[in-house]
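Enquirer: Here's a structure for you.
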């Protein structure tokens, strides 16, 4: 007689995990469609900030930036394409020590940015604004140095707290190098690379590095046309989309299809009594499809982590490596399962059973960590909680059915079942009817 693994290998995959994968594909397509069709035009400023810049400085161009709750207003000086007024503001918490805004002559990135940084002394409440050149040394946490190689002017720079709207605002008249008025220049108001930041620590009036655990700080850069207000390149937009894909693949693959496979393995033999090899085919298919989607999300996560080395989420990554290693072990074990008569079968069952449940626990924890890192709207979190609640509800219902059916069988057996009889679990022998501790088969009257 052939071993179960040999007969099952000739059967096609169950349609259940394929259906779940197709459903998730359409959900992912809808998400990517909404992301890619989002307009590139700038979002309008909040009403209080827009009224402040218009009434006090007669500035009409104003937009809400993509990250950090920041807003940006500007006005080109008539007859001079290399100068413009700028106001950068945000509603920030009391422990904020500094805000920064600057321009980059090459690309929208931190290194190479000529910035004005407004520092608030947390002890005295005093403000100071100074120009800085953000260099590679700064990225290596060597500190900032004012006025090092600055080719951009920040005239009449100042910072204030707007108590009426609870904002910190920094303003200046920006003067780009005179060559910026020429075609093909390094700086161009029609394609201006600008970067913004906030930080929470300073030594006196010296700003210290901003947090590296929040990806919003990594995405705070874009290319804008100051003449029209159109965003030509939102540097973090592509990465945010890839993070969304990574999150959905992980939540559907690791966090949904694998648990479905575990539920099938535990309850299909008893109380459902689906029969072998149908339940094993469904279980195996779920594990393979979930594993494939999880692997795709894992690879994408590694690529995203390598693109932002300073923002590598170490705990999230360690959990992900653990999940990959033991999920690979679990899937591989399906192809090397001992036969029914093998003396090591019971040990394999125990290992596969308990490692699987432990792995699912780590997957749930890491998925919530990923949601906390991405900081999407609350729909993500509650959607995943809803998925887990549904899976837990199904498992609880099946567990109750198992015990109800067991008690009914015990009653009908008229005492044939001994007290130490246990409900068959996923580690039970496949295809056998429940038996007593002494090996006697249950008999229905």
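The backbone N, Cα and C atoms fix where each Cβ goes, and this holds for glycine too.
Just so you know, TrEMBL annotations never went through curation; they're auto-generated.
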Enquirer: To which of the residue ranges 247-267, 415-435 does TrEMBL assign the term transmembrane segment?
Expert: 247-267
Enquirer: With the ranges 204-225, 380-401 to choose from, which does TrEMBL describe as transmembrane segment?
Expert: 380-401
Enquirer: Look up transmembrane segment in TrEMBL and report which of 180-200, 348-368 it refers to.
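Expert: In TrEMBL, the transmembrane segment feature sits at 348-368.
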Enquirer: Within 10 Å of its Cβ, which one of these binding-site residues (246, 283, 352) has the largest number of other Cβ atoms?
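Expert: Per the Cβ count, the most surrounded site is 283.
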Enquirer: Could you tell me the mean pLDDT over the domain 'Cytochrome b561' (212-407), as a whole number?
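Expert: Averaged over the domain 'Cytochrome b561' (212-407), the predicted model reaches a pLDDT of 85.
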Enquirer: Taking the residues the record says bind heme b (246, 283, 316, 352), how far apart in Å are the two Cα atoms that sit farthest from each other?
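Expert: So the maximum pairwise Cα distance among the heme b binders is 28 Å.
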Enquirer: Quick test of the contact rule: Cβ under 8 Å, at least six residues beyond the ends. What residues does that give for the transmembrane segment (380-401)?
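Expert: Non-local partners: 247, 251, 255-256, 259-260, 263, 266-267, 271-272, 364, 367-368, 371, 374.
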